[in-house]
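S.K.: Feature annotation from TrEMBL assigns domain 'Radical SAM core' to 67-304. According to TrEMBL, the [4Fe-4S] cluster binding site annotation covers Cys82, Cys86, Cys89.
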Amino acid sequence: MKQATLYEKLKDNRVKCTACAHYCQIMPGRTGICGVRLNKDGALYLLVYGKAAAVNLDPIEKKPLFHFLPGTAIFSIGTVGCNFGCDFCQNWDLSQASKMVQQKVKDPKEKILQLGKLVEYGQDLPPEKIVEYCEKNSIPSIAYTYNEPVIFFEYIYDTAKLAHKKGIKNVFVSNGYESKEAWQAIHPYLDAINIDLKSFYEKFYQKTCKAHLEPILESIKRAYEMKIWLEVTTLLIPKENDSDEELRSIAEFLAGISKGIPWHVTAFHPEYKMNNKPATPLDSLQRAYQIGKTAGLKYIYTGNVFDLEHQSTYCPKCQQLLIGRDWHAITESNIVNGKCSQCGTKIEGVWD
Ligand code: SF4
């Protein structure tokens with residue numbers, strides 16, 4: 001556990017956490033919504049500092065990032081806890097664990113004890129060890145992923161700063177709920193981000209994710225303005241967020257910022273509180289693909305399904321195949337110095 005940097009002290013030993021757009025006001029002995037930021041005697045502590053609950057070496061395509069160092073491995077870490085409560089979460093056993101303790105255990109002392117035990121889950125992985133491993137094994141980037149990264153902000157910040165000193169890049173896989181204070185602090189060290197835009201309707205975010213839409217739209221605009229490489233993902237859930245109208249709204253919003261933002265439309269599989277829903281049919285993903293094209297987006301990708309044609313990158317001008325993909329493997333590459341090898345069109349992304 002380490003004292004947090006993103007918070008303000010309030011009256012009566014209360015604190016206001018400024019890491020995410022919930023801006024929780026937290027009483028002594030309690031955590032915020034995410035369950036991992038604890039008010040102890042009027043100071044805010046990050047319970048999961050240096051405690052990685054999930055650690056993997058992934059292909060960067062799995063994040064998904066298709067226009068950022070394609071074909072490389074990315075060191076990926078996550079902790080317990082999350083600031084959202086999505087009914088369809090695929091990592092709910094980790095993301096919702098601390099919240100369950102917060103809700104179920106009533107006695108404040110017992111609560112702190114249980115939270116302490118919970119965050120002991122996982123391995124000790126201080127920032128220095130992560131960076132040392134990446135340097136030794138020539139891993140070019142680190143992803144803060146699996147749960148919402150901004151809730152373990154101080155752990156990320158120290159790792160990301162150290163990583164940059166060694167020429168290693170930093171990536172967020174995020175629900176887009178970063179506060180403006182978090183953006184200000186992290187942006188010099190953040191190289192790429194994939195933001196989930198789960199819906200274009202406030203009522204979906206409130207009911208299904210226990211959050212709000214507006215901060216996410218703000219984060220998408222902010223990441224683009226800050227020149228952090230940005231890709232966006234929408235998980236299509238049948239009859240929940242897959243109408244033509246909603247998909248068109250998302251695609252037009254992205255195209256209004258930049259037609260070069262890659263948009264991943266991925267398949268839902270029954271999970272957590274939505275395990276009675278059917279999986280997303282391929283037709284819906286391809287319909288979203290066409291809607292994205294009509295809105296003017298240059299790069300759209302279907303995901304979590306077998307659909308090689310719609311998972312490859314094509315030149316928006318001459319239509320040459322630029323990057324062929326077979327799931328997470330690169331089968332062909334025709335981008336030279338960031339340009340199409342056939343017609344010389346500049347292709348948006350970070351290629352070296
Ligand atoms: S990170 Fe967000 S959810 Fe967690 S305590 Fe801070 S404001 Fe609340």
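In case you wondered, yes, glycine gets a Cβ from its N, Cα and C as well.
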S.K.: Near Cys82 ([4Fe-4S] cluster binding site), how many other Cβ atoms are within 10 Å of its Cβ?
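M.R.: Other Cβ atoms found within 10 Å: 28.
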S.K.: Please work out the number of neighbouring Cβ atoms within 10 Å of the Cβ of Cys86 ([4Fe-4S] cluster binding site), leaving out its own Cβ.
M.R.: 24
S.K.: Would you list, in sequence order, the residues of this chain other than Cys82, Cys86, Cys89 that have their CB within 8 A of the centroid of the site's CB atoms, where the site is the one recorded for [4Fe-4S] cluster?
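M.R.: Near the [4Fe-4S] cluster site, beyond Cys82, Cys86, Cys89, sit Phe84, Gly85, Phe88, Asn91, Trp92, Ser95, Gln96, Asn147, Asn175, Cys209, Tyr272.
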S.K.: Take the Cβ of Cys89 ([4Fe-4S] cluster binding site) and count every other Cβ within 10 Å, whichever protein chain it belongs to.
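M.R.: Neighbour count, Cβ to Cβ under the 10 Å cut-off: 19.
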S.K.: Given the model, what does the mean pLDDT over the domain 'Radical SAM core' (67-304) come out as?
M.R.: 92
